[in-house]
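Copied from TrEMBL, the annotated features are:
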- 12-41: transmembrane segment (TRANSMEM)
- 61-80: transmembrane segment (TRANSMEM)
- 122-141: transmembrane segment (TRANSMEM)
- 153-171: transmembrane segment (TRANSMEM)
- 211-232: transmembrane segment (TRANSMEM)
- 244-262: transmembrane segment (TRANSMEM)
- 282-303: transmembrane segment (TRANSMEM)
- 324-339: transmembrane segment (TRANSMEM)
- 345-365: transmembrane segment (TRANSMEM)
- 386-406: transmembrane segment (TRANSMEM)
- 426-446: transmembrane segment (TRANSMEM)
- 458-478: transmembrane segment (TRANSMEM)
């Protein structure tokens, strides 16, 4: 029997796909539509496998597979980037956008083929659709990509296959298939880009902050893989193991990651970072302000845990309490977006590395803070944290940061896009910081009319749309670089579609919603 919320979610994704291609319909549009149709059918095969326990790995059980919404993110992002850079006349990044779109399509198609291959009996119709979609995509790639670009796409696919086998085995119940596609696909692409740029490094070429992001992401992932393998043979909770953990972190950081970054930026990474952070007085003020907000967030964690100790051991943080952190993140990102986006870019990378490092300490029970972190963070767990890792706070940071990191600066005159594209860096703030927060708070406290088949309310969704429109008006007032050029109808349509997607999706909305809003703003 078909799941009605999944059907509505799929319909919203199809509307977004057509929305993106409404302006320019070309051969990549046919590929995107073909991929969406076959992902829709393959999604139900994944859902059936998850219900029967027939999937190869253990996935998060409190959600559907999410294959369709996840499959379209990377291809649509690449297509939107291609069109933006083509209109700006930047050929290199236009080709890069085509590579991103092709890679996303091939990785999504691979995940669909897995579902079809392990489904018994073999679903004939889905096999035919997958074959047709694959033929269209491969035919288009053959006539669009150079040999070196085809090799790059295949490299990413190979990295994705190996990462999937390793991480999905080591981290059961942490992802749905769709979330695994987004997270592991993104890591695979970053790793391939870092290898490619390390082998072809040219002095003075490339922005150091871009290299900083690549090295930081790959560094923390490799660090986690190293300690996961190591602690198979050691008890990670002892003092000796904890001392070894901290010592090896320093060795890998100073002996591998720092020299790697030095090769890419051709200067001492620590000196460059310190000079960058304290370059202007505005940056010093922003850093002081962000430090205050970080201390406030820690204060909320300690206060809520003290409240749990005095009331009940089974006390869990409410939805409203968890949304306090969304308000703090909005207060963090908005000044950075207005006054210094480069500083926000680097600070978000540093924060991501710290969050993942602290999660390693909690997961491996590294002394002296591992057990304390387990106790403090257990208060804020929800049904999405069903695996051994706690990822919701990391997804929140990613959702706010990805629009900043993925903003096509080289294709934007004077650092900003025109029309709705000017709001691209604010996609995380609008979708997660404002929309998702307001929908949850108002929906859980005052909502009465529920959307069919979901726990989300009509009042929450409408309030979220209204709040995001107000937020756009405030951005226009306070950020002089934003010029919408009367594209208000497009902004309203984008915000409304993403808010409806929030109401029906069971995937990690902190990760999915900002990316879709960014895609529609860029299109």
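Glycine too: its Cβ is placed from the backbone N, Cα and C atoms.
Among 61-80, 282-303, 345-365, 386-406, 458-478, 386-406 has the largest number of CB pairs under 8 A with the transmembrane segment (153-171).
A Cβ distance under 8 Å defines the sequence-distant neighbours of the transmembrane segment (122-141), meaning residues of its chain 6+ beyond its ends; these are 27-28, 30-31, 34-35, 37-38, 41-42, 45, 102, 105-106, 109, 112-113, 116, 150, 153. Tertiary neighbourhood of the transmembrane segment (282-303): same-chain residues 321, 324-325, 328, 331-332, 335-336, 339-340, 343, 347, 376-377, 379-380, selected by CB-CB distance under 8 Å and a gap of 6+ residues from either end.
For the transmembrane segment (458-478), the residues of the chain that approach it from at least six positions outside its boundaries are 338, 423, 426, 429-431, 434-436, 438-440, 442-444, 446-451, 484, 491-492, 495-496, 499-500, 502-503, judged by C-beta separation under 8 angstroms.
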